[in-house]
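Colleague: Sharing the record's features from TrEMBL:
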{"type": "DOMAIN", "residues": "80-528", "note": "domain 'Major facilitator superfamily (MFS) profile'"}
{"type": "REGION", "residues": "1-26", "note": "region 'Disordered'"}
{"type": "TRANSMEM", "residues": "116-134", "note": "transmembrane segment"}
{"type": "TRANSMEM", "residues": "146-168", "note": "transmembrane segment"}
{"type": "TRANSMEM", "residues": "208-228", "note": "transmembrane segment"}
{"type": "TRANSMEM", "residues": "234-255", "note": "transmembrane segment"}
{"type": "TRANSMEM", "residues": "267-286", "note": "transmembrane segment"}
{"type": "TRANSMEM", "residues": "298-316", "note": "transmembrane segment"}
{"type": "TRANSMEM", "residues": "337-360", "note": "transmembrane segment"}
{"type": "TRANSMEM", "residues": "372-389", "note": "transmembrane segment"}
{"type": "TRANSMEM", "residues": "401-418", "note": "transmembrane segment"}
{"type": "TRANSMEM", "residues": "470-490", "note": "transmembrane segment"}
{"type": "TRANSMEM", "residues": "502-524", "note": "transmembrane segment"}
Amino acid sequence: MGIVDYFSRPRGHQAHGGDETPTMEPPKVIEPNIISSPDFSGAVTPAHMLPSPAGSEDTLIFEKIPHQFGRLGSWKGSLILLVTSGSQFLDNVFMTSANIALSSIQQDFDVSSTDLQWMISAYTLSFGGFLLLAGALSDRYGRKKILCLGLAWLSVWTLAIGFGQSFIQLTVFRGIQGIGAAMTVPSAIGIISSYFSGVDRTRALSIYGASGTLGFCTGLIFGGFLTSSLGWRYIFYLIVIITGSLGILGFIVLPSDVPSEKKHERMDYIGAVMSTAGLILLQFVLSSGGTYGWDQPFIIVLLILAVCLLVGFTIFEKYVSNPIMPLSLWKIRNFAGLWVIGFTGYGTYQNVIYYIVLMAQEVDKLSAGDTALRFLPMGAIGFIVSLGTGKLLEFMNGKHLLIAGLVLAVVAPISSALTSNPEAGFWLNVLPTSLISISSVSFIFVTTSTVVLTSVPVEVKSLAGGMLNTAFQIGSGVALAISAAVTNAVDIQQRHSLAEQYATGLWCSVGLAGLGLIIGLFAFNFGNLTFLGSSANIITMNGTEERTKHEGTEDSMTHAPLDISQSSISNHVKVLIIGAGSTGLALAHGLKKAGIPFVIFEKEEEEPTGKRSWSMGLHWGYEPLQYLVPADIMAGLKEAQVDRHVPIAENNPLPMINGETGALITELKSSKVYRLRRDKFRAMLLQGLDVHWGKSLYDIIHSPDGERVTAKFTDGTEVIGSLLIATDGPHSTTRALLVGEKAAKVTPIDFATTICFTQHTREHALFLRAHPHHPLYQVGPHPEGYCAWLTLHDGDDIDHPENWTFGHYISFPEPRDHVNKRTMREHVAHQKELARRFVDPWRSVFDWMSPDNDGWYSKLRNWDPSLPEHRWDNRQGRVTLAGDAAHPMTFQRGQGLNNAMKDAYTACKAIESFWNQGDFTIEERSAAIQAYEEEMVMRTGEEVRLSEQTTVKIHNWPSVMQSPLVESGLGVKAM
């Protein structure tokens, strides 16, 4: 088949590669128009109305519209925090008031100590079992709805407990009550995490945690005095007043739910049933095994069933299109580690509380009222430590706070476990345990919640909160079950005293906390557990000193700000874009359409010379680009292709060929793909924009009032703006300013390549495009661990194939610490040598290449923005990253440009959401940029890892078919 036959067939372009890496010469600038705050008529299409790219995941939904972002200090923000923190308050009231009433309940119903723990375990079992489902339902159907429904549910079943006539009824009603609590907690966390942002969010979460200790105190006082005076039933009669009042207040003040597109998708009912049933069965088995015996057939059967359900659920979620628990959340660095820490830390705490309350009442012979009074210091300390932890997180590494909490958890039970004198036991033993234990869980709760909830996108915050609280509650149930089983085996059957029984349970807490500490120290690499909004990250070139000077102070430069010739723009209220690559230019067009003033800077000169260019693929990124760029400019996209004569097809699979034999391995999935030349694409995007060339950034300064950001350039000029967005490529200067030079460096992986661009005779050029499968793009992994690529770079001159330019390279294994000492000629010779192992077209294209042909050696590198040491402080929404500045990745999956276009789109929508003609608050800007970063970091962090997996697996012959490239294709976004 000849090349002309390919032109006559509808074939799509295949794509790979990113955009922002600076290489070849940019085109001459098309005559720009000075930006002058253009009029904007017509409504911007809302984010939730933008059509999703075919075959890709849904375009980002900005869950919170501008008026739903809030400030902690406002009346509405305070009332919202009151309602949401009330759910945590009630959880602890239910727990401690029931705990302190256990002795009276035991006497009324004549139950054993082993059976008595079901009064607590039934609640934690259902609470923990339904948290995951409740979180998913909150994100799907509305957090306000689920929270208010949960409070109503709690009211009904709390009242039922008060009227219970048998211990079995109480236990069943407590279990049903736990479902209501499960509905309130993840929905409340989701509301806090999406309504507040930055430092306000951290403080709100610390208040949320502190409300738990306040609930602890209230539960003790409430439960203790009611039990001593009116009787334990009045605890549940009167709590209904609190739940009902919070429900009514929540219905009035909570932010209205924004409809989710997922609401109309089919619910993952199978996953919901499997996860809930599996979690409940697992805790039931752990709670009952010690009582009934682990050798009982029904215990063994239920344990096997629970494990099968949970394993099956995990496997099922990998393949279902709408998973209730996206497995990608577990791939966020440290998410799993923090989950386990929460499991052990909170389990230890609840186990300690259970046994020291019983010790106070049964060993020290305190009444319920006296017990309540003596535990009041515990609640006060917990309240203070929770609030203090939130403050400490603003400037300390979260890892240190977690380790401190785990160490305290190990130490806390020891003094009570060593009790020998019942009369002096409380003051010398139990009180220290209570104070140290509440301090430990405060550190653990606030730190894990803040770090996790800052690391996930807005649309899954309730789910993430539910998953984390599942760890807390299941950990509590498991800890109580294990301790009860051990106590039964070691003490009860041996007729040991109550003090010895309780001491055994406390020693179990020491063991569980010790396990958590070991995990925290050795099993997980936490690095720096920081979060957006923290002031721990430094904003100077050397990463050691915070810069707060601004123009007009003695330490600032004396040069006048750059005259940007935009008289209608105020001195400061504008967006500064650093970098005029595809990402920055696309963003500039979107801002211009929205009437938002901006200035764009590029470090290259206007007519750079001696630079390389390259080709890249645009597929699912087309829709975001189409939203940003005017239709008349988008019409030039066809001319930016490597060959405008090849028609675009909606779906055209790309053959992957065995580089050794030429046999077809598989056909890679793809959507509609445009294969573009970067220089032509950039020329298209430059139309209508005024770029300030030769402006190399070297420092960023933030004004102390939180309003402005100043960009300083090497030519001595300064420009002041309200927001700086850096799109300055994989070796971003801005990134180095944000995280420090060391952390900002791209990470090499164990592969390299040398890229060559060549032209050939007419006959050879026709041969390369017609052989063997595709006229634009061919890929061939080799069984010996190499991978060859051949792309058309320039095919504009259809009548003269001798003028066509091809790009080709063979990637090969090379240790990441390898020091390159080859000359360019030696690199080219190395590529020619490798090509002899391959079939055509790769063998011939390298064989026909002159030994003096230029070659571009490239060590493959990436930078994962989701790593804790890579998270930056956006300084109240004043500075952020996009494109390759935020997530340089290897090219084999072809996702670089597409993610860059989505970055530009989501950043533009974020700015639109708060700009309001420049009349916005710092809090509104901070919340919007926070939402942008959360979505971008999760999406692109996953993509960086998938791209690296692809690079590794296509160079390992046995795993080629398991690579993300084969499983997900080039043109289909896989996340």
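Here, residue 1 is simply the first one shown, and the rest follow in order.
Every residue gets a Cβ built from N, Cα and C, even glycine.
Remember, TrEMBL labels are computer predictions, not curated facts.
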Colleague: Determine whether the transmembrane segment (470-490) and the transmembrane segment (267-286) share at least three Cβ pairs under 8 Å, counting only pairs 6 or more apart in sequence.
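Modeller: When sequence-distant Cβ pairs are counted, the transmembrane segment (267-286) touches the transmembrane segment (470-490), since at least 3 lie under 8 Å.
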Colleague: Is the count of Cβ pairs under 8 Å between the transmembrane segment (116-134) and the transmembrane segment (267-286), pairs 6 or more apart in sequence, 3 or more?
Modeller: yes
Colleague: What residues in the same chain, six or more past the boundaries of the transmembrane segment (337-360), come closer than 8 Å to it by Cβ-Cβ distance?
Modeller: 95-96, 99-100, 102-103, 113, 117, 120, 124, 366, 371, 374-375, 402, 405-406, 409, 412-413, 416, 419, 425-426, 430, 433-434, 437-438, 440-441, 444-445, 448, 451-452, 467-468, 471-480, 483, 498-499, 502, 505-506, 508-509, 512-513, 515-516, 519-520, 523-524, 526
Colleague: Please determine whether the transmembrane segment (372-389) and the transmembrane segment (208-228) are in contact (criterion: at least three Cβ-Cβ distances under 8 Å, sequence separation 6 or more).
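Modeller: They are in contact.
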Colleague: Short question: which residues 6 or more past the ends of the transmembrane segment (234-255) have a Cβ under 8 Å from it?
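Modeller: Result: 64, 68, 70, 76, 79-80, 82-84, 86-87, 90, 93-94, 97-98, 101, 143-144, 147-148, 151-152, 154-155, 158-159, 161-162, 191, 195, 222-223, 226-227.
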Colleague: Given the model, what does the mean pLDDT over the domain 'Major facilitator superfamily (MFS) profile' (80-528) come out as?
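Modeller: So the average pLDDT across the domain 'Major facilitator superfamily (MFS) profile' (80-528) works out to 81.
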